[in-house]
């Protein structure tokens, strides 16, 4: 079949490079690097490797702000996943990844392959994946298309995760109109590793073979990385060919085979990397560049599942379930035999060279020959113009929103029926969260907890981000996202260790959007420094706009913490009647960006809630100490819907009630002030708990009751609600909306 690719002249004169994602200045830079005009394959290589998705060319200046080091960090940013030390020679590898654009176009496969990709990132480090989490954003559930997106995305996550046998143990979902045509699907994978097994994605050692393992290469996902680096349009729905198709059963075999190699053949394994965004070109050029080496690849040897594939297609394909290995000379047959045992193909497709060039050969001809660092390291970096949006100052000066609270119980019920607050049981029951039998705290509490086999330890994990706060004030909102994630870990009995961040923003070419990115990074960095949770991995997803309409700034924070002793595991639900209820933290009239403001005004505006990081850290440390000393029966972070929602949620599981007198007016029941915790304590531990908290803003509110009634009093005012009625509304909202 004749190759009808455009000539170098046509690429230049017809500006075909623009269609591939390169700007005029970038194309000129490529010509300057090569000392000639690139051919079609070379133009394709640069277009994907210099896309935002692969090069972070627009976000690098911002990413440099993040603190990435700490005594607990075994592997920081730059590899497949970050790793933290949990003692006993063990580490936890974790990372979050987005699959936003593909999930709008083809929600089932988009979500499924997002799960598959992040799992490969984690096991490529040498870690066994032990848990999945997700962070999802959708528009309001008031159209058939919105309901379809939710159902298909959840089915895709469940279909892949359940089939591969990794429990999906936690996550979060927010519903807002800005996500109607820009849904966000962020998947996080957590793995366990022996520190001695940590791998690098590198190809070094002159003459060492590079091996392709896993599924054959097809034409799916070509230019997927570029697709993820441009603004969306309605026509974008036609870009289904840029969405990959996943096979979880193939991935399960690949996972076991790769861990087998890492565990038992580490002496002959030089490096290993997932073929993710930008496929073979990305993994191979990055592995060579990191090692300061070159690479020669023979395209004829790449396993192909379609006829007449060109080098361009093979290099850029994002077919799933593929890995690239660099092994020591003389051990190819050993590796092939191992993969054969799993029914997988392992093929030599090239070798490491010493010239730092990336040479591609097809049918005996050199079809691409470019400096490897130019592809993998030297993409141009842009510091985009930044401008404060006019809305920001207007929000700062706006008169504070005062909610209508004539019918407190009526508002309470309405809030519990909002899908962002309502029970997500209908969603998470589609996930297998008990497979592997190590899940100690299942979805529905503040953080998920997975036991570490052979120890008394457990790993706490969560994903968090309230993007409404970031829309009001990205710096404060970014800090709150980290603080809330840490609160959830602490409430569960864990010490926060580190974060992975999924930075989802609109079009960075717009100065107002780049300002949001910069400010959010400032807030995240400040919180990470104060709470000692360095950023050890992450992902950037920009251009989340459709037809000019963008999302709220949504930097998803995935956090992992260590529960030192299984006895410290704590959940949000009240345990026994008679237990004493405490509130840690101060409640103010803060409704801007709240679920209540959205409910009553149909929009959000005003000043974001205040956050004092020093106070936040102090309260977290005190609460964790109380939990570790065995003084706490239950613990719950106050988030969306404030005290009223947290109190109701704490009663639901055991069908208990509560009788409390609060130190704030009842119209502040649903304020979303930060740095607050709802805690219950056994009567015999009350004195010790109160003594520990002695000098702080900690309030004894009342007791857990046997009946299913919640009574809340402030001075002369009192409201009463039935737990069973509130729970019925809370549990029924999402199934009803999805009908």
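Positions of Cβ are set from backbone N, Cα and C atoms, glycine also.
What Swiss-Prot records for this protein:
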type: ACT_SITE; residues: 53; note: active site
type: BINDING; residues: 56, 95, 501, 538; note: ATP binding site
type: BINDING; residues: 97, 539; note: Mg(2+) 1 binding site
type: BINDING; residues: 98, 99, 100, 101, 120, 244, 318, 319, 320, 541; note: substrate binding site
type: ACT_SITE; residues: 99; note: active site, proton acceptor
type: BINDING; residues: 121, 274; note: Mg(2+) 2 binding site
- What same-chain residues, at least 6 away in sequence, bring their CB to under 8 Å of the CB of residue 97 (Mg(2+) 1 binding site)? 114, 117, 118, 121, 186, 187, 188, 502, 539
- Message: So the record assigns 98, 99, 100, 101, 120, 244, 318, 319, 320, 541 to substrate. If I measure every Cα pair among those residues, what is the longest distance in angstrom, as a whole number?
- Response: 20
- Message: For the ATP site (56, 95, 501, 538), what does the 8 A shell look like? I mean other same-chain residues with CB within 8 A of the CB centroid.
- Response: 63, 77, 96, 500, 502, 503, 535, 537, 539, 540
- Task: Pop the Cα-Cα gap between residue 100 (substrate binding site) and residue 56 (ATP binding site) into the table, whole Å please.
- Result: 16
- Message: Suppose we draw a 10 Å sphere around the Cβ of residue 121 (Mg(2+) 2 binding site). How many other Cβ atoms does it contain, all chains included?
- Response: 27
- Starting from the Cα of residue 274 (Mg(2+) 2 binding site), work out which of the recorded positions (53, 98, 120, 318, 501, 538) are within 10 Å. 120
- Task: In whole Å, note down how far the CA of residue 501 (ATP binding site) lies from the CA of residue 98 (substrate binding site).
- Result: 10
- Item | Chain-internal residues near residue 320 (substrate binding site), provided their CB is under 8 angstroms and they sit 6+ positions away | 113, 116, 117, 215, 220, 221, 244, 245, 246, 247, 250, 251
- Taking just the CA atoms, what is the gap between residue 501 (ATP binding site) and residue 100 (substrate binding site) in Å? 15
- Item | Cα separation, residue 95 (ATP binding site) to residue 318 (substrate binding site) (Å, whole number) | 20
- If you count other Cβ atoms within 10 Å of each one's Cβ, which of the binding-site residues 98, 539 has the most? 98
- Message: Which secondary structure state does DSSP assign to residue 120 (substrate binding site), in the simple three-class scheme?
- Response: helix
- Query: Can you tell me how far the Cα of residue 53 (active site) sits from the Cα of residue 100 (substrate binding site), in Å?
  - Reply: 12
- Query: Quick one: Cα separation, residue 120 (substrate binding site) versus the residue listed as 'active site, proton acceptor', in Å?
  - Reply: 14
- Note on the structure: For residue 538 (ATP binding site), the nonlocal same-chain Cβ neighbours (under 8 Å, six or more residues apart) come out as 63, 77, 95, 96, 500, 501, 502, 503
